[in-house]
Every structure is written in structure tokens, then in C-alpha cells.
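**Student:** Before we start, here is the structure in question, set down as C-alpha cells.
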């Protein structure tokens, strides 16, 4: 009996030790395959309310009709058998509301009205707006309300100040300042220090203005000189004035305008003999969209041959394009959805479409880490901090966000490599995270290895299509003008001399007559006064 009691006591002690050991190992972090799954299942299913603020007007490249298919594609991925099932608690669902932001205060009003209608209930995530003037007040309110805000817009330089009013903003598309960093690396590669900025500014969206503002600020910080010329391409374009400005400013010209306007400018400078290697022209293709000048010279008109020659001096800066099978599938689905909306165009997938898709993936990654750390979806500041300073796989390749919550920009430079056929290829790439620009070694440049090493201080003699003589002296018309001008000047001097002489004689005679008359009138007045006083 005593042995039975000892055996029972020993078994109890052994069982207690096993249980304690299990608890200790669990508290230290169980790394067995099923442990993470059980921890994730312990979290409650999440209902994520997303407010998308984008314009309904399809004239914008980031309209709801264009971007919504990309957002829904990403949501199907994270809610289905993709990223979301691995990262979020089972049963998590996204409830998305789409509101018209326009490009002004409507975005702010939509946010405030929605919160008021929900009796103070705020969304868990804001996607958009894109336009600077729409994004600014929404970003300030998001910071005040502790709401994470992810946008493929708000690209102007002012939004990089995240310490106060824009603290809850993450930009998932390269900001304009990133374009400036790319141009700076390009200039350092070619040993240039001066640039002329020529751009269209309609005073509304002002995309080109904000783009070259970013270039200007980066250049200014690094001691590079810039001068600027702006025009409104929606009105009559004074090409002669643009050419005169370029001739009187810098040798390296950075342009931003629509594709048709860039073509007109290049034709104009070509006709003035400015595409023979004395200038370097760069065109910025914004947003991976051909509407902002993709470097295409062909229009099927009578100017094609001339434009092909002109474009041999033009290089186009565009976002680096990567192709992977998933991106092709994504592009086809977006194209199908957009066409159902009645939109038929070439650029179904631009920078904004890609950016908002990747914004969903980035938010899910950040939310996963916040929930795992014991916080909730309402901890907007914690979530937004998890979106910064990280790299993840986007729909078109790797996406890297810097420590300030801004996406690094990877860019390519496209130029004409076959002047006979007019073929254009990528000749160089810039990798934003490394800050590195490199020319491609397998490309034949039509200008040779030293053509772009411009002498920025040398004065250029400009020619145009009209015949002219350059004999070193004055032309016949100039001499004739000088002689005629001298004769006219002499005639005017003689006429003035004789007029002045005649006028002086006339004045002297008139003065003599007036003095005689004044003497008579004085005597009469004095006699009248004396007679009056005598009578008095």
C-alpha cells in the first residue's frame, strides 16, 4: 500500500513538471508549425472599413473607374487564398466605400459627411486623394483623427514634411522629389551643373509644375543652377518665345508637357539648328502615361520625318518597368474592367493603378504586425509607422518605402538608338534605394560616348531654316538701315533748328508790342485812381 502511494505521488510530480515545462516553453514563444496559426486564430476577425477618395471624372488618370478594379483585385487577393489568409485573422473582411474627391475640397467634405452620418464612426483606412489640393486637408484631418492614409498621389514636395500635419500619410508612388534625385544622379554622371526647366502649367492640377518644383528643390540643395519657363498649353503656344528662352538660358533642357506639345517644341528647336549636339533635351513622362509625352515622334503626318530627326536629341525619363507573370494577369483584368466602364485607351495600368493596388498589400502587412504586437486596427499611428522603412513585393516588382514614408523611385532613360529607323530603347536606369544611375552597356548610342559632355559655358551660334549670310561684317540690309536712319536724324535736327529760330523772332516781336500796350494801360489806370481818391 505504501509503495502504491509513493508511485502515485511520483507520477503527480512528473506530470506537474511536464505541464510547467510546457507552459514555460509556450511563454518563451512556440516555434512549432501550428503555433503561429493558433495565435492568429486567437485574434478576433476584423472588419476593416476603407474609404476611397478619388474623382469620378474620367479625365483624370486616377479616376474611380480606372483605379477601382485594381483595388478590388488586391482585396480578392488578400481575402482569398493569397497574402491576407496568411497574415490576418480568419474571417477578416474589407468593407470599401468609394466617394468622389474631385480635385478640391470635396474630398474633405466627403470624409466629414461620412463620419457625421455614421455618428462619429471613422474609417479604418483612407485611400487617396491624389490631387495635392484635395489631399492636403484630408491628410491633416487624418493626422488629427489618428487614421492611416495611403495614397499614390500627394506627390508635391510639401507633403514630405511628416513631423506634424502629414504624420499619418504614406505615399506609395514616387514623389516628385524622387524624380529630382534621379535627375541629380543623371547630371552628376554627365558632369552637368545647369538646367533650363520648361513646363506647362494650367494652374489647376499643375502636375508638371509640381514635378519640376521637385527637380528645382533637389538641384538647389546641391548647388546646381536652374532657370524656369512656363506656359499654358491649353492656350495658344508661342513656340518662337520658347525657342528664344532656351537659346538665352541653358544647354541642358528638362521639359514636362503633353506628348503633342513636346513634339511641337522639338520640331521648333530642330528648325533653329539646335538638335545637332549643342543641346541635350529631356522629357519627363509622368505616371507611366503616354499622355505626358512617352517619347513617341510618329503621328502619321507630314512632319514625321522631321520629327524623327529632332527626336534624336531627345531623351525621355520614365518609371522603370518590370514585367512578371502576375502583372500580366493583373493588367488583363484591369483592362477588362475598365473597358466595361466605357473607357478605351492604351494606358490601362498607370502609376496610380499600380500604386493603389500595392497600398492594400502594404496596409495588410502593417496591420498584421500591429495586431501581433497587441494593438488594434484603430491605432493608426502604429499602423502607419509599420508602413515606413520597408520593402515588399508589389504587383509589378519590389516596392521600397523610405524612413519618411515615401516610396523610392526607380526610373529609366529612353533615347533613340537607331536614327534611320527611329528606334528608341532604354539606355540607362536609376535605382532609387541605392541612389545609383548607370548606363546600359549593351546599347549603341547614336551620339557616341562623348557627345553628351556639353560645354555649358560655350556660346552657341543658332541657325534657322531661313537663309542668311554670315560674312563677318554687316549685311547689306543693315548698312542701308543705318544710312537711312542717319539721313532721317539729320533732317529732323535741321527742321527743329529752323522752327526754333522762326519761333524766337516771333516771340521777340510780340513782347515788344505788349510792352508798348502795357505802358499806355498803366498811365490810364494811375490817372483813374488819383481822380477817384480826389473825389473821395
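Each Cβ is built from the backbone N, Cα and C atoms, and glycine gets one as well.
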**Student:** Out of 458-478, 479-499, let me know the one Swiss-Prot marks transmembrane segment.
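**Tutor:** Swiss-Prot lists transmembrane segment for residues 479-499.
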**Student:** Among 77, 101, 167, indicate the single residue that Swiss-Prot lists for the chloride site containing 130, 131.
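**Tutor:** Within the candidate list, Swiss-Prot flags 101.
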**Student:** Could you state the whole-number distance in Å separating the C-alpha atoms of residue 208 (disulfide bond) and residue 101 (chloride binding site)?
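**Tutor:** Computed Cα spacing between residue 208 (disulfide bond) and residue 101 (chloride binding site) is 21 Å.
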**Student:** Find, for the listed recorded positions 103, 130, 131, 256, the residue with the lowest Cβ contact count at a 10 Å cut-off, counting only other Cβ atoms.
**Tutor:** 103
**Student:** Helix, strand or coil by DSSP: which one applies to residue 208 (disulfide bond)?
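**Tutor:** DSSP call for residue 208 (disulfide bond): helix.
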**Student:** Starting from the Cβ centroid of 101, 130, 131, the recorded chloride site, name every other residue in that chain with its Cβ within 8 Å, sequence order please.
**Tutor:** 53, 54, 55, 60, 62, 102, 103, 107, 128, 129, 134, 135, 153
**Student:** What is the separation, in Å, between the Cα atoms of residue 131 (chloride binding site) and residue 389 (N-linked glycosylation site)?
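**Tutor:** Rounded to the nearest whole number, the Cα-Cα distance is 24 Å.
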